[in-house]
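Inspection log for the structure reproduced underneath, given as structure tokens.
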Amino acid sequence: MLIFSLYLTYMYQTIYVSFNLFSLWNSDISCSFYFDYMSCWFTVVVLLISSVVMVYSYNYMSPYSKSVYFLWLTNLFILSMLLVVNMSDLFYLMLGWDGLGLVSFFLIVYYQNQSSITSGLFTLLMNRIGDSFFLVTIMMFFSYSSDLTSFTSYSLDTFLLAFMMITFMTKSAIYPFSPWLPLAMAAPTPISALVHSSTLVTAGLYLMMRYSYFLYSSYHLMKILLVLSIFTSFYAGMNSIFEKDMKKLIALSTLSHLGFIGMAFSAGLLQLAFFHLLTHALFKSLLFMTMGDIMINLNHSQDIRYLSSGMLYTPMSCMVMYVSLLNLLGIPNLSGYFSKDLVLEMMNYSNSSFIVMFMVFLNVFFTYYYTYQLFFYSFQPIKIVPYQNFHSPLLIHTIMLLAMSLLTLAFGFFFMDYICCFIIFFPIPSLLKWFPLMINVFMFIVLFLNGRMFTSSSPLINYYFSNMMYLSNVMMSMSSNFFYNVSFLLVKSGEMGLYNYSLNSLTNFSVQSMSTLLLKISFSNPMKILLFSSFSLLSMWLAI
């Protein structure tokens with residue numbers, strides 16, 4: 001796939017493969033695949049992360065039962081993601097879309113405890129909302145054009161575009177569909193590295209970029225998406241300050257970056273949004289896998305306050321984790337710096353309002369804060385017992401993590417120099433380019449000298465922010481009550497009402513009609529009633 005992507009990129013070519021399966025209402029329903037530089041490079045990143053995750057899963061899941069079942073589900077998840085990335089037809093893209101939601105539910109409930117089952121059901125219900133909008137979008141799309149691909153020349157109605165945008169927002173956890181993302185942390189850590197970096201959460205944003213030709217035609221929808229994306233990033237950053245669970249903290253970081261990517265897309269920065277999507281997928285999956293290695297040596301504790309001097313017992317994992325964190329901070333000449341800094345520069349030199357830019361830079365401050373929090377707790381004195389049993393990872397796993405960290409460092413240069421030729425650079429003073437590095441150096445010095453960070457010890461405040469300002473509770477209650485009430489009404493009005501009434505009324509009507517017919521025949525001619533009865537008995541005997 002890498003060779004194929006390089007060929008398409010350097011030859012400036014796209015490949016469209018389509019074959020008809022059946023016809024419906026004088027329209028050919030065709031299964032089509034579209035390969036361009038965007039789909040091919042996203043596939044390369046997905047396959048790269050998936051290969052490392054599969055090796056990581058072999059080491060991480062070996063003590064648990066049903067490890068083969070786990071690996072088969074992971075492969076199905078990867079297959080569904082590849083269908084979503086490479087298919088250009090909405091009708092068959094639904095296969096991969098539904099596969100992502102269904103297989104993710106099975107993977108989240110893998111541990112089969114109360115927390116994982118609750119999180120899995122809530123994730124499934126939220127994805128069902130997106131699936132229902134997807135079905136309505138397909139039906140409305142088909143009413144406009146029989147061609148369900150992203151290359152149709154028909155202009156679509158704003159109402160249809162709104163349904164399409166809501167569909168993609170549910171899968172990418174844009175507000176108000178955000179609460180399922182931290183709850184999905186109940187899944188095993190390898191799935192968290194795969195789901196929350198390059199697959200499930202990025203599927204919606206990738207399809208927004210794929211169908212940008214339609215979405216950019218509605219100015220008002222892009223303004224709404226810009227506001228929701230900025231608020232999603234702010235919302236996740238605010239909650240990440242008070243979060244003490246390491247996996248949920250990284251999930252909130254992912255949510256913040258999803259809002260950042262959605263903001264870049266809605267501002268018209270399509271290529272930069274795709275660039276940041278790829279770089280974020282690489283270093284965030286790397287961060288999840290290294291955190292998994294560290295948590296194994298912390299007796300599987302996910303509390304960030306239990307994190308201590310990792311260099312002493314997991315030196316390789318901590319070095320790779322620091323590479324991911326430096327990308328997250330946007331240190332100059334790293335991949336995260338190129339993608340994030342270019343988006344900030346373009347937003348700053350655009351006609352964005354002061355409030356929008358203030359919220360954007362406030363979100364960057366939140367990113368700095370929770371990244372410093374991980375740095376701060378990882379350099380604390382050892383809080384574990386002296387006779388702690390350490391588990392060294394497999395050699396192949398360490399080699400793949402090291403190779404992936406090097407690829408993450410070099411990906412920014414490679415993408416800008418050899419893949420994407422649409423990036424525009426603004427000549428700005430060197431002081432502004434080095435400003436992020438000076439901020440980081442200043443913060444590291446403050447942390448080193450002060451030795452403490454702002455945190456809250458109030459259980460009420462921590463509970464309030466760990467539940468995303470009660471949005472998780474509200475959305476869980478609303479979705480559960482909605483699905484329960486709808487199911488109850490369907491059973492009440494369907495099985496106990498409509499079907500029962502129809503069967504009873506049909507039976508009464510058929511018996512009355514038969515008796516009336518027999519009575520008329522008997523009055524007219526007794527021989528006819530005999531022949532009719534004999535024919536009816538013969539028909540019943542043959543049917544039996």
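Even glycines carry a Cβ here, placed using N, Cα and C.
Cross-referencing 7-27, 154-174 with TrEMBL places the feature transmembrane segment at 7-27. Counting Cβ pairs under 8 Å to the transmembrane segment (68-85), the stretch among 33-56, 91-111, 180-207, 249-275, 354-379 with the most such contacts is 91-111.
Ranking 33-56, 123-145, 180-207, 249-275, 399-425 by CB pairs under 8 A with the transmembrane segment (91-111) puts 180-207 at the top. Counting Cβ pairs under 8 Å that are 6 or more residues apart, the transmembrane segment (123-145) and the transmembrane segment (180-207) reach 3 or more and are in contact. Long-range contacts of the transmembrane segment (399-425) within the same chain, counting only residues at least 6 positions beyond its ends with a Cβ under 8 Å from a Cβ of the stretch, are 9, 37, 41, 48-49, 51-52, 55-56, 271-272, 274-275, 278-279, 282-283, 285-286, 289-290, 316-317, 319-320, 323-324, 327, 334-339, 342, 346. Remote same-chain residues near the transmembrane segment (180-207) are listed as 42, 45-46, 49-50, 53, 56-57, 60-61, 70, 74, 77-78, 81, 84-85, 93, 97, 100, 104, 107-111, 115-116, 118-120, 122-123, 126-127, 130, 167-174, 245, 247-248, 250-252, 254-255, 258, 261-262, 265, 273, 277, 280-282, 284-285, 288-289, 291-292, 295, 468, 472 (criterion: CB distance under 8 Å, separation of at least six residues from the stretch ends).
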